[in-house]
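Participant: Here it is, the structure, as structure tokens.
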Amino acid sequence: MPYQYPALTPEQKKELSDIAHRIVAPGKGILAADESTGSIAKRLQSIGTENTEENRRFYRQLLLTADDRVNPCIVGVILFHETLYQKADDGRPFPQVIKSKGGVVGIKVDKGVVPLAGTNGETTTQGLDGLSERCAQYKKDGADFAKWRCVLKIGEHTPSALAIMENANVLARYASICQQNGIVPIAEPEILPDGDHDLKRCQYVTEKVLAAVYKALSDHHIYLEGTLLKPNMVTPGHACTQKFSHEEIAMATVTALRRTVPPAVTGITFLSGGQSEEEASINLNAINKCPLLKPWALTFSYGRALQASALKAWGGKKENLKAAQEEYVKRALANSLACQGKYTPSGQAGAAASESLFVSNHAY
């Protein structure tokens with residue numbers, strides 16, 4: 001076995017570990033506001049609003065300037081490249097706004113999925129070229145963590161061994177480059193909820209994918225204490241006719257994680273994967289109440305499940321700003337409780353909060 005050549009100094013390791021711990025402190029989680037220009041277009045279109053740079057800026061500002069009740073709930077905020085360089089009405093750059101509320105700035109660094117030729121519609125993720133230079137610049141511009149999304153699909157013959165291995169290696173290479181630049185990498189191997197598979201099949205695939213990811217991270221000498229994982233919860237496929245309880249989903253999810261994710265990993269920040277806002281909170285709560293030993297923080301990194309009601313309430317109208325922020329605060333508070341296993345659904349969730357946010361073959 002070759003000798004280990006140290007990739008990071010003790011100081012670098014401490015910085016990475018400290019950032020990761022801040023993001024997943026008890027009761028805290030991440031707002032994923034890193035939709036690409038194409039993805040945010042779909043959100044704005046759903047409320048009849050034009051996809052202009054100013055509308056995108058105003059909407060992100062609405063989320064970032066919500067009142068101080070969100071401060072103990074949302075610490076990490078993942079931004080898209082454009083948003084990192086936008087400013088609030090008062091002239092402050094968005095990273096400054098986030099930091100003034102005690103938050104940590106994150107940046108989406110992947111460049112989207114591309115087809116893996118010779119597979120049944122499977123993909124890998126591009127964006128490694130020039131990543132080191134971009135990370136160095138992002139660090140200077142105030143970002144302390146990053147996100148990279150890979151996508152896998154459950155089908156009769158998918159995910160293939162090739163897709164699993166390729167995506168695991170891409171995530172590991174990305175993680176290595178981030179850590180060299182003082183940025184905490186969030187690895188996101190998303191298994192899409194598309195399909196009619198049951199809970200057991202999703203659990204099996206999730207275990208195989210995560211095992212491959214952590215083997216690759218080990219091969220690439222990643223410092224696990226300075227990383228976070230952003231996985232899907234283990235849920236049945238969207239077209240599965242059998243219904244499963246929140247407790248069954250929690251047990252399957254925690255079991256899969258316990259079998260594959262080393263305890264050295266600081267935290268697990270779940271994606272919401274098209275669940276309704278309310279469902280995402282209830283399942284997160286059930287996961288935290290699951291009666292198995294859980295060595296990592298288990299919290300949220302939600303996009304649609306923090307924003308859907310707020311987006312509807314805003315409706316593209318400036319005069320609805322406060323109403324929209326109120327909806328966002330509600331979801332932030334709900335998820336802050338859920339990641340501590342303390343959330344009790346009131347049964348009064350608005351229509352928007354109970355609405356499925358599933359999008360077939362979701363591109364980000």
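Cβ from N, Cα, C; glycine included.
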Participant: Among Arg43, Arg56, indicate the single residue that Swiss-Prot lists for the beta-D-fructose 1,6-bisphosphate site containing Ser272, Gly273, Gly274, Ser301, Arg304.
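Facilitator: Of Arg43, Arg56, Arg43 joins Ser272, Gly273, Gly274, Ser301, Arg304 in the beta-D-fructose 1,6-bisphosphate site that Swiss-Prot records.
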Participant: Check the Cα-Cα distances from Thr9 (phosphothreonine) to the binding-site residues Arg43, Gly274, Ser301 and tell me which is shortest.
Facilitator: Ser301
Participant: Between any two of Arg43, Ser272, Gly273, Gly274, Ser301, Arg304, the residues recorded as binding beta-D-fructose 1,6-bisphosphate, what is the biggest Cα to Cα distance in Å?
Facilitator: 18
Participant: Need the DSSP three-state call for Lys147 (N6-(2-hydroxyisobutyryl)lysine) to compare against my parser.
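Facilitator: In three-state terms, Lys147 (N6-(2-hydroxyisobutyryl)lysine) counts as strand.
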Participant: Given Lys42 (N6-acetyllysine) and Gly273 (beta-D-fructose 1,6-bisphosphate binding site), what distance in Å do their CA atoms have, once rounded to a whole number?
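Facilitator: Answer for this pair: 16 Å between alpha carbons.
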